[in-house]
Amino acid sequence: MPYSDDETDDELDPGSDEERPQVEEAKSTESGWRVKANDRAFCNLPEFQKKYLLCLKKSKYAGNGIKTYKYNALTFIPLNLFEQFKRAANLYFLALLVLQIIPEITTLPWYTTLVPLVLVLGITAIKDLVDDLARHRMDNEINNRKCEVLLDGRFQVSKWMNIHVGDVVRLKKNDHIPADILLLSSSNPNSLCYVETAELDGETNLKFKMGLKVTDERLQEEGQLAQFDAMIVCEEPNNRLDKFTGTMRWRKERFPLDLDNMMLRGCRIRNTDECHGLVIFAGADTKIMRNGGKTRFKRTKIDELMNYMVYTIFVILVLLCAGLAIGNTFWYEEVGSKAWYLYDGKDQTASYRGFLSFWGYIIVLNTMVPISLYVSVEVIRLGQSKFINWDLQMYYQEKDTPAKARTTTLNEQLGQIEYIFSDKTGTLTQNIMAFKKCTIAGHTFGSFLSLGTTQPVDFTWNKYADRKFEYLDHSLVVCIRSKKDKDTLEFFKLLSLCHTVMVEQKEDELVYQAASPDEGALVTAARNFGFVFLSRTQDTITISEMDQEMTYEVLALLDFNSDRKRMSIILRFPDGRIRLYCKGADTVIYERLSPNSKHKEVTQTALDIFANETLRTLCLCYKDISKQEFDAWAKKHKAASVAMSNREAALDRVYEQIESNLMMIGATAIEDKLQDGVPETIAKLAKADIKIWVLTGDKKETAENIGYSCKLLSDDMQIHYGEDVNEKLRIRQANRRDQPPAFGRTRKKVPDPFFPEPGRNALIITGGWLNEILYEKKKKRRRLRLKRLGKRPASATPQDAAQPIDDWEKETRQVDFVNMACECEAVICCRVTPKQKANVVSLVKKYKKAVTLSIGDGANDVNMIKTADIGVGISGQEGMQAVMSSDYAFAQFRYLERLLLVHGRWSYIRMCKFLRFFFFKNFAFTLVHFWYSFFNGFSAQVAYEDWFITLYNVMYSSLPVLLVGLLDQDVNDKLSRKFPKLYLPGQQGALFNYKNFFISLFHGIFTSLVIFFIPYGAFLQTMGQNGEAPSDYQSLAVVMASSLIFTVNMQISLETSYWTFVNCFAVLCSIAIYFGIMFDIHSAGIHVIFPSTFTFTGVASNALRQPYLWLTIILTVGITLLPVICIQFLYKTIWPSVGDNVQRNRKKYEMEEVEEEKSTPFQRGRRSRRSAYAFSHSRGYADLIASGRSIRRRPATARPNPRDSIREIPQAENI
């Protein structure tokens, strides 16, 4: 979803620049979406018809019935099969099934392929059916909800699915809103309506909507609503939840419409008895449905690797079949055609027989391509997701919030993270603001340590005081209650008046609803110090000043936004004076101060001190305005507020005119505490060689000091700022330009380091420098404006270091920046917009090919979360937008350590072990056919019984390897967190790659060789106890099959690190199932019923009676397992990995007591820094208020080097 402080590509489009003539914009608005009130026929006019199938037409206005399901009773089977056969493996096995039906080609019965294929398709289809039935039930429930619609002059109960665009509806308290509706009137004063948007954005605090003044006055009764015939012209349906632009034409007048007039589907009416609205968008056109589109599909590295390996297997299969087909051709020419007893009555050439043999071997060796692989992987991923959901150590009891895996496809990727991109406010910090200090007219309050007291101030003298508020500096209360210091009284009066907070009375308690936690903290502080915000109406605000109630007339409210970074209010005092109060970031306030303003230097010094203590600061100032000056300004303000185009820009220009020559009062300092465990989590992740970048909207000084307090930065780091970075990149670019063209354009594989000197480096850069470094935004906008004016932008010369010569140089600049940033141990980007956050993530993904994770808690983090390989949402104070867009969600940043170092690492190890063994067991099984071919004239004769081939992957070998993929763990969770070095193999992709794949392949080749040739040699010259030779093909098949089952199940036992009863049962059960089914299908009874299908009658009982054959099986299994045991022993003894060392000393580590690190208060004194208002602070309720609607009644320790080995300092890893 785009954001208001985002510069999207549309905004840079030549047709949407602010210089575009207003006539064109008005024209585009007129030709947009048109809605006629109380006129359903209007939507069916020919001009609104569109083609949807050949020459058939339908209205472009959607009905209100929704359809989120994919299938119905008729389409389920064909559509589901179509979707499943889009997967290459399924399509491959369908082609095999077709080949097996052809008599001249088939070498295996059709059921050997059909049974596994039907099982795989059936399991997937059942899963899809269950999901779709749930969607059907939800759709039916929603579509059949009831609502009152104005039909034939009176309100009638109708189903949601029968509502049309242009209908007038009546909604009551607690009703769900059925469509995107224009609010006309309500039972509240001035058509104010409260809505809850939890289903839309996850936020549970109430929002305020309002009707136009004209509709509120004229559309209250049923008869008036029936005669309502306005024409609404607005934007086309879109997914922008934060924007709506339109116009209402009624009775020859035009009225502007915006988002405050709209009630969106997905919301719910609260605290409003009754309201009326006009349906603008219905069904699929509503904003919530438009936001339900396809999200960015994320795939893991293992997924991509697995697909390439399946393609590799297919290539190997084709080459093997081609070789065997050639062998068949030569064999037939040399032997087959000359042996009279092999004549089959078919006059076919050797080449044609070789061609048929090729397809026959494609069928015989088809199990090299594993049909059940994808289903097994999905089952494992589902199980891993459930383990995350069930983890009580990631459950946050205070808010009753468990961890939630919102996807089942990315679990193993959690074990490969190299870069973490984190928001600051609400992610590293609690986003619960507390008023701590302030400076008023040069005097600082709140330094309670110097007063020698830690006893909180007693606010019992104030009947309105918030009992949760704590303050430790008694001198401030004494100063206020004495009423001698006018500056102090003015300071808190400003805090109680200059805001957009809403107030409600609940059980004799004042409840404030603020647009941001900062604003709520400031108003609450003023409330406790005797300046209590009581109520507000359309043009007044009432406060209690030291128990004296005062009402001020609100003349204008200039709201906050991310560009202005300030808000102001213009008030008329009871004595007739007009005064402007303003609060905002120091960077914008100091630019607008009067030359005569006092206390500027002293306040700036206090701001530096506050910033060093990681406090968030805000400057407060005022300005007295004459009546003549205000009247002249008010005319400009009114004209800007009704502008039909670029309204926000026009208002900003008018605001600038009045917000000048301000007088400084002081500044506030608010504390946003770190969440519990953040420094420890960052230190632990750093030891796992995970680099953490903080991307925040806060000011540079605040972000930097939070970096110190959470131990992301330390005193021994060399910090590089934007200007340093830009200079280094400029020098590198200039050097590259000075090189010969051919040489300069050749990118070095290993670039020269930007920081060759030893030491640890950190990078702190602002959004402005980021644009400058990466040639973003302003350059593009400038080129577009020059193009529109018919001018050609001057081409950059080598001397013009501020502009790139071409796209190659721009890309090289980006690569240089990423390389420089990745050389640093910590990177902090501050004052960045949501789009810039996503761009930074994209750069690292693009140029480092690294696995990235983004974590945030607010709407401004959604873009970043969706861009990263894995997105994590924190359910904090800023609603649920981040959680709803994330792949994983939990309540505290510290849980990230467990998610990655425990669940992520386990998932990666399990998946890699599963895939390696899965490929091995299929190679060992299938290649026996290959060796057998050399002894059967390459005739595509199978080495096993048909039913063994059918059930091998389904019943005999699937369960043990599946359980290893679900339950295995090399060390327990405590040791996984104690030794972060165990995480490194996942980052390096060391456990599953092409090397491991070919090892599995050669292991399978060796195993298949032993399984075929030892029984073959044992059967070559053998005599049984009864004097008969058991050297028949069927007995050989049984011995090879039995050897294979024992080998595979014992091999997975050797691979299992974590034994449970379930694993043991699975191995024994698989072997027991094999023998049970084999004796059944080899029985005489089943042969009598199906003589042509079950042809191995009595083979198992006859063959396995021979001790000689059991010895053959034991010898075969022993020879296949002995090299594996020896190699594992040598590796763990001579070349042990970090995990092997931990496993060897596991008991010792488990018994060690973990020393708790003593934490001391954070202190900094290196250089002064200044903190300011958060860039991510959200827009307030000024539009609502100003619209004329009344409101209802420690010292930092150096972080150990992550490359320190476990054996050197094992305790150091347990920080």
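Residue 1 is the first one shown; counting continues down the chain.
The backbone N, Cα and C atoms fix where each Cβ goes, and this holds for glycine too.
The following features are taken from TrEMBL:
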type	residues	note
ACT_SITE	D423	active site, 4-aspartylphosphate intermediate
COMPBIAS	1-16	compositional bias 'Acidic residues'
COMPBIAS	17-28	compositional bias 'Basic and acidic residues'
DOMAIN	50-114	domain 'P-type ATPase N-terminal'
DOMAIN	143-206	domain 'P-type ATPase A'
REGION	1-30	region 'Disordered'
REGION	1149-1173	region 'Disordered'
REGION	1192-1215	region 'Disordered'
TRANSMEM	108-130	transmembrane segment
TRANSMEM	308-332	transmembrane segment
TRANSMEM	352-377	transmembrane segment
TRANSMEM	914-935	transmembrane segment
TRANSMEM	947-967	transmembrane segment
TRANSMEM	997-1021	transmembrane segment
TRANSMEM	1033-1052	transmembrane segment
TRANSMEM	1059-1078	transmembrane segment
TRANSMEM	1108-1131	transmembrane segment
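Three or more CB pairs closer than 8 A are found between the transmembrane segment (308-332) and the transmembrane segment (914-935), so contact between the two stretches is assigned (pairs 6 or more residues apart). It is 997-1021 that, among the stretches 352-377, 997-1021, 1108-1131, forms the most Cβ pairs under 8 Å with the transmembrane segment (914-935).
Sequence-distant residue pairs (6 or more apart) of the transmembrane segment (1059-1078) and the transmembrane segment (1033-1052) include at least 3 whose Cβ atoms are under 8 Å, placing the two stretches in contact.
On its own chain, the residue listed as 'active site, 4-aspartylphosphate intermediate' has V694, L695, T696, K837, I855, G856, D857, G858, N860, D861, M864 as residues at least 6 apart in sequence with a Cβ closer than 8 Å to its own Cβ. Proximity of distant same-chain residues to the transmembrane segment (108-130), defined by a Cβ-Cβ separation under 8 Å and at least 6 residues beyond the stretch ends, is recorded for 70-71, 76, 80-81, 83-84, 90, 93-94, 96-97, 100-101, 363-364, 366, 371-372, 374-375, 942, 946-947, 949-951, 953-954, 1093. With helix defined as DSSP H, G or I and strand as E or B, the domain 'P-type ATPase N-terminal' (50-114) counts 27 helix, 8 strand, 30 coil. Secondary structure by DSSP for the domain 'P-type ATPase A' (143-206): 11 helix, 31 strand, 22 coil.
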